Amino acid sequence: MASFHMITTLLFLLTIMLGASNAQLSATFYAKTCPNVSTIVSNVLQQAQGNDIWIFPKIVRLHFHDCFVHGCDASLLLNGTDGEKTATPNLSTEGYEVIDDIKTALEKACPHVVSCADVLALAAQISVSLGGGPKWQVPLGRRDSLTAHREGTGSIPTGHESLANIATLFKSVGLDSTDLVALSGVHTFGRARCAAFMDRLYNFNNITGKTDPTLNATYANTLKQRCPKGGDSKSLIDLDEQSSLTFDNKYFSNLQNRRGLLQTDQELFSTNGAETVAIVNRFASSQSQFFSSFPKAMIKMGNLNPLTGTNGEIRLDCKKVN
């Protein structure tokens, strides 16, 4: 039986999905008011990458975490003890200072025009393409929330979820199995803390000493050396051991070889009878098919309950309301 938390989360996400249908977003939204918006965002990101080689996956993760809480409204970016940043699912998120740098550059070029929510969406797309992934036209025109939604952070998927739970969460907002597998493929680049998967190594299914049987034994032993029991749970491990700085389809071959780092990743392939298995196989054999499906899924996710028209505001500083 579904938990009370799961039921309330699904009801909340259903509300988001229903609201998404009213969105009025357009890839040409800033064509007249800020025609160089993409170039400005790209320039700041490339400069930031010179200081932090991991900045691209960090930025994409911010967009994900923003959209899964009350929709893509930049509520994640607001400071404050009651904000989303300090909620447990977001304690490991990074890259906020780069979003601030992008916003500063945009305010100089196009004052009070580009929303922080659109900055996140556009920066995520450009980060993927700069990392070697596909390019796509991002629908724009979102506005920024006036409040944070800390109470909604429980709807952010974690690395410990079962496939059944994750699939239900995604389907409740109109994201199907192909979207789920494609969006999970973002783990082709970036890193995760040991805390995100140590239960798979030492306490799988709350059984002391048990290792997740879907985890390749050699890979499990390597991970145990990198993340020893009682060690630093904040140590970072590449999500894709083959090419964690490049956006490609190697993530899917990792799953085929039972070398997915997070439980939610590996279950896409190792859950008997799941429709996600065939999709993993398809993306593993064809990077072009993955690169075709990923943008479509990102656009659908980016359209979750955006504030448009006169709703919300255009923040001057992404960290606080005007």
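Each Cβ is built from the backbone N, Cα and C atoms, and glycine gets one as well.
Under the heading signal peptide, TrEMBL lists 1-23. The annotation domain 'Plant heme peroxidase family profile' is assigned in TrEMBL to 24-322. Annotated disulfide bond per TrEMBL: Cys34-Cys110, Cys67-Cys72, Cys116-Cys318, Cys194-Cys227, in sequence order. The site 'Transition state stabilizer' annotation in TrEMBL covers Arg61. Under the heading active site, proton acceptor, TrEMBL lists His65. Sequence annotations record features per position, and here TrEMBL assigns Ca(2+) 1 binding site to Asp66, Val69, Gly71, Asp73, Ser75, Glu84. If you look up TrEMBL, you'll see Pro157 marked as substrate binding site. Here TrEMBL flags His187 as heme b binding site. Residues or ranges marked as Ca(2+) 2 binding site by TrEMBL: Thr188, Asp240, Asp248.
Within 10 Å (C-alpha to C-alpha) of the residue listed as 'substrate binding site' lie the following recorded positions from His65, Thr188, Asp240: His65. Spatial neighbours are here defined as Cα atoms within 10 angstroms of one another, and by that definition the neighbours of His65 (active site, proton acceptor) among the recorded positions Cys34, Cys72, Thr188, Asp240, Cys318 are Cys72. Within the model, the domain 'Plant heme peroxidase family profile' (24-322) carries an average pLDDT of 95. Sequence-distant neighbours of Cys110 (disulfide bond) (same chain, 6+ residues apart, CB-CB distance under 8 A): Tyr30, Thr33, Cys34, Val37. Ranked by CA distance from the residue listed as 'heme b binding site', the recorded positions Arg61, Val69, Ser75, Cys194 have Arg61 at the top as the closest. When the neighbouring Cβ atoms lying within 10 Å are counted for each of the binding-site residues (Asp73, Asp248), the highest count belongs to Asp73. Distance between Cα atoms for Asp66 (Ca(2+) 1 binding site) and Cys72 (disulfide bond): 6 Å, as a whole number. Of the binding-site residues Gly71, Pro157, Gly71 has the largest number of other Cβ atoms within 10 Å of its own Cβ.
Arg61 (site 'Transition state stabilizer') and Val69 (Ca(2+) 1 binding site) are 13 Å apart (CA-CA, integer value).
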